[in-house]
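If you check TrEMBL, you get these features:
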TRANSMEM  258-281  transmembrane segment
TRANSMEM  326-351  transmembrane segment
TRANSMEM  363-385  transmembrane segment
TRANSMEM  397-421  transmembrane segment
TRANSMEM  427-449  transmembrane segment
TRANSMEM  484-506  transmembrane segment
TRANSMEM  518-544  transmembrane segment
TRANSMEM  556-576  transmembrane segment
TRANSMEM  588-611  transmembrane segment
Amino acid sequence: MTWPGGAEVASQVGVGGGARAGSAAGPAACARTPRPEMAAPGLQLCAVAALLPLLLLCLPLRARADEHEHTYQDKEEVVLWMNTVGPYHNRQETYKYFSLPFCVGSKKSISHYHETLGEALQGVELEFSGLDIKFKEDVMQTTYCEIDLDKGRRDAFVYAIKNHYWYQMYIDDLPIWGIVGEADENGEDYYLWTYKKLEIGYNGNRIVDVNLTSEGKVKLVPNTKIQMSYSVKWKKSDVKFEDRFDKYLDPSFFQHRIHWFSIFNSFMMVIFLVGLVSMILMRTLRKDYARYSKEEEMDDMDRDLGDEYGWKQVHGDVFRPSSHPLIFSSLIGSGCQIFAVSLIVIVVAMIEDLYTERGSMLSTAIFVYAATSPVNGYFGGSLYARQGGRRWIKQMFIGAFLIPAMVCGTAFFINFIAIYYHASRAIPFGTMVAVCCICFFVILPLNLVGTILGRNLSGQPNFPCRVNAVPRPIPEKKWFMEPAVIVCLGGILPFGSIFIEMYFIFTSFWAYKIYYVYGFMMLVLVILCIVTVCVTIVCTYFLLNAEDYRWQWTSFLSAASTAIYVYMYSFYYYFFKTKMYGLFQTSFYFGYMAVFSTALGIMCGKFQIYWQFSIGI
């Protein structure tokens, strides 16, 4: 396939996407061609009852169809699934393959069901191609159907070609990409690729490689008939079954020296921050202790005449409950859960190649989030109890549904747009019901278990000093010591430690790269934890030293402000690193980037705040 126009030449789009010679992966190649002990009685029974729905949730994750055994006998049927079609620049704007007026082969139709929740949520819409393919049996070029090209069908194809539509197919869970057609140099005539030339590699009784060559360029003329054809050639391959997805990966991108340099740079920042925090606190605290010791030797009159300032003056107010403790505790509990989910999913992804199964990453994240609900209840419920909160049931409900409500609310809004566009990303009603059942019958009961454990095991205040009955007046302070300024400045360094990794993560999600370097992600998560803790220690100390004891929200928000900078970076990425367009893709991008940034901010806010409560500053 030559772009633009010209002689009929084969264009190879393989399993890793790319030319047969082994060029770049996937649709990018297509685009380049145009382009403890329980305290409450009966709590054990409660925990078992709450875990039963979670065990049921695991069952569909393990369901497998016959084709997913990945082993074939000679001349056994091999199914070619047609997935979705859509504009190259809008990765999430996809439609059913047969929403374009393609024709289907004559072979009897096979229905496909969503095997996992993640597959349904990601808009996977597999439809049988109707092509007769058998294991190790070559097929010469064969016409499998004919398109009666009237004006409406031609207009649909022309629109698809103008917007660089590409399509995705699957053979034995191996994706294949191809382009619908091309235009000539003047953009006046449009051509459709009508011949799918499949070359399938096998190793023993397993399929390990698939390549697609698009040929047969036919001009789109109204009121004509277009014959669609295919051929299959089987070849023996030395590729191991375990390594068959390696062609999808792009080591030159993810393991670029810039990636390594950013990790090294972040480690240098961590060493600098830890050293700076240690030096500042040790020198300042030594001076403060010396001054306070000197004041203790003074008589009462000298002490009254002396200057009283610093963090020791607010020791009777520093453990005063925060404002809006119910919301505050719910945010802390949610942040702990998000951190637990992130840690577990990254570890699982490092051990298992989750990218080899459709929707497995999202399914794993949903399962882990539901399973870690007791973490949310424990930390949020215990913190609320220690702050003297009495409406613990309300706090439990808010903590349990805070993140699900945010995610589902955003998805619900975007779903309306997807339905209007007739996009495959429109979430089916049955999937919505399944998500609601997980929230009410898995997340809520497990959150209740965690809340009861937290209130009984660590819900009693153990502050090292007594809280004053009358709040101390807060003196005036310099403008740069105001909580608003501290909050705005607090997120700069945490964002600086992760923004390079954000680029790689964004590219893997919004463009056509498969993220697989989860070791890098684990390092960045550790770096983010350390940097955030160091920054919030300094922010909290300066605030208390200015005799402002309202540190809880300031400490939380100074770390959570990282989300603001991440969301601002997403605007830069959208306008300068992508070519997205249209209402659906724009809403999808900024909607889910807002969800991602908010969740990241809640997780960052959790890093320091609960640790400070635990050790009593």
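A Cβ is built for glycine as well, from the same backbone N, Cα and C atoms used for every other residue.
Long-range contacts of the transmembrane segment (518-544) within the same chain: residues 254, 259, 263, 266-267, 269-270, 273-274, 276-277, 280-281, 284, 311, 314, 318, 342-343, 346-347, 349-350, 481, 483, 486, 490, 493-494, 497-498, 501, 504-505, 550-551, 554-555, 558-559, 562, 604, 607-609, 611-612, 617, each at least 6 residues beyond the stretch ends and with a Cβ under 8 Å from a Cβ of the stretch.
Two recorded stretches are said to be in contact when at least 3 C-beta pairs lie under 8 angstroms, sequence spacing 6 or more; the transmembrane segment (484-506) and the transmembrane segment (427-449) fall short of this definition. Most Cβ pairs under 8 A with the transmembrane segment (588-611) among the ranges 363-385, 427-449, 556-576 are made by 556-576.
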